[in-house]
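According to Swiss-Prot:
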type	residues	note
BINDING	GLY170, ASP171, ARG172, GLN173, THR174, GLY175, LYS176, THR177	ATP binding site
SITE	SER363	site 'Required for activity'
Amino acid sequence: MVTIRADEISNIIRERIEQYNREVKIVNTGTVLQVGDGIARIYGLDEVMAGELVEFEEGTIGIALNLESNNVGVVLMGDGLMIQEGSSVKATGRIAQIPVSEAYLGRVINALAKPIDGRGEIYASESRLIESPAPGIISRRSVYEPLQTGLIAIDSMIPIGRGQRELIIGDRQTGKTAVATDTILNQQGQNVICVYVAIGQKASSVAQVVNTLQERGAMEYTIVVAETADSPATLQYLAPYTGAALAEYFMFRERHTLIIYDDLSKQAQAYRQMSLLLRRPPGREAYPGDVFYLHSRLLERAAKLSSLLGEGSMTALPIVETQSGDVSAYIPTNVISITDGQIFLSADLFNAGIRPAINVGISVSRVGSAAQIKAMKQVAGKLKLELAQFAELEAFAQFASDLDKATQNQLARGQRLRELLKQSQAAPLTVEEQIMTIYTGTNGYLDSLEIGQVRKFLVELRTYVKTNKPQFQEIISSTKTFTEEAEALLKEAIQEQKERFLLQEQG
């Protein structure tokens, strides 16, 4: 029989008592009063901060947005179907943040930076706050490097610089996303990291964009953040900030980034839904009073950093959808006033077969011209003016029957210039090709061709110059100027190609 020794037992108990460390962990808790429509009202949580993450008993996370005298309004980051009235909630003491790393490149993630492409976890050692203050005045420098979109109409007349914010605005189905994805495709080999944020879109549309990027090898330098139409409003509202945090991570590491928000109208609608459910007072078009701040704090994060901070940049291309061309609605006017210019896409031009359907007359870039390369300035200087005069003449010519020869010539030139601005989707052009195309049009080399022959001739001319006059591209890319030598080479190439082309057409 085992003898029980009392002194041994008392020694063990004494040791355990001495080892006992009385740690008091204070947790700020509350109780669910009501829950529904993605909103929970909570009693308690006295010490909670605005924007703090709270955790429900069954694991759902929420953000405390409304701090009222007797309860806290929390928006849920999930469906919250298992949350019950009376269950407990605890404050986490953290503000929303996401992991960030190089490993995110080529992946499709959601607003919480969790992968949704079925390719496993993403390793990350660092994290960033989803909402962080924008760089101040001293931290920035003015925009001076071009960000080429590969679209002639934009790069020649509405140029975008690295660190600029340029709005893409237009009705539904006018090619807004196409302009944005073409810009991503054109960054291949330019050492620019792209972030595409899809907010409240159809999952099929997002899949189509991802497929296009994968086929063209553009996913290598792209991150897609997607919250589709069936996602909770909270996540649709957060997605752009998640994208911005990822782009900022690269920007502060001396890299160039491009971020596309597709589109901010849907984010504003998600925010309106949250605000109304939280019983915040509605303002114009039932949007809450701080919807301007919603977008301004997001877009101000795009910047060109100073040399002390490593000259990284973040260029933002927000997209806004208008209803039947109404640019004076609330969200469009807000975003126009925040950004450094806008590209206006018109449904009428799109339906008339002019694609990309950019309305050059009312599209502007407020800072990009400082970023244009000299060669482009030299050839594209008079393009915008000629097109504006042509549009005016065309409207007048509809009513006048007999036009003098000069007017007829100007109309013919305008039609050909409009033709050279047309481009197929996913076929961006290099700067050298754009310069060649514009020079051919503005100097009258296309005037003798039929309108239907213009695009075919230009395609063949680009191929001809690439194979027979490689020096042309070398001069432009090395000197960034349209030198006399380059002009002589181009004139020669145009003449030779024109003779070949006309012989082919006759044959």
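Backbone N, Cα and C atoms are what each Cβ position is placed from, and that goes for glycine too.
Sequence features, as recorded in Swiss-Prot, placed on the structure.
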| residue | record | DSSP (3 states) |
| --- | --- | --- |
| GLY170 | ATP binding site | strand |
| GLY175 | ATP binding site | coil |
| SER363 | site 'Required for activity' | coil |
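Within 8 A of the CB centroid of the ATP site residues GLY170, ASP171, ARG172, GLN173, THR174, GLY175, LYS176, THR177, the other residues of that chain are GLU321, LEU345, ALA347, PHE350, ALA357.
Comparing C-alpha positions, SER363 (site 'Required for activity') sits nearest to LYS176 among the binding-site residues ARG172, GLN173, LYS176. In sequence order, LEU345, PHE350, ARG355, PRO356, ALA357, GLN425 are the residues near GLY175 (ATP binding site), counting only same-chain partners six or more apart with C-beta under 8 A.
Within its own chain, GLY170 (ATP binding site) has LYS176, GLU321, THR322, PHE344, LEU345, SER346, ALA347, ALA357 as residues 6 or more apart in sequence whose C-beta sits under 8 angstroms from its own.
Counted within 10 Å of its Cβ, the other Cβ atoms near THR174 (ATP binding site) come to 27, all protein chains included. Cβ neighbours of THR177 (ATP binding site) (same chain, under 8 Å, six or more residues apart in sequence): SER205, VAL209, ASP262, ILE319. Its Cβ placed at the centre, LYS176 (ATP binding site) has 25 other Cβ atoms within 10 Å.
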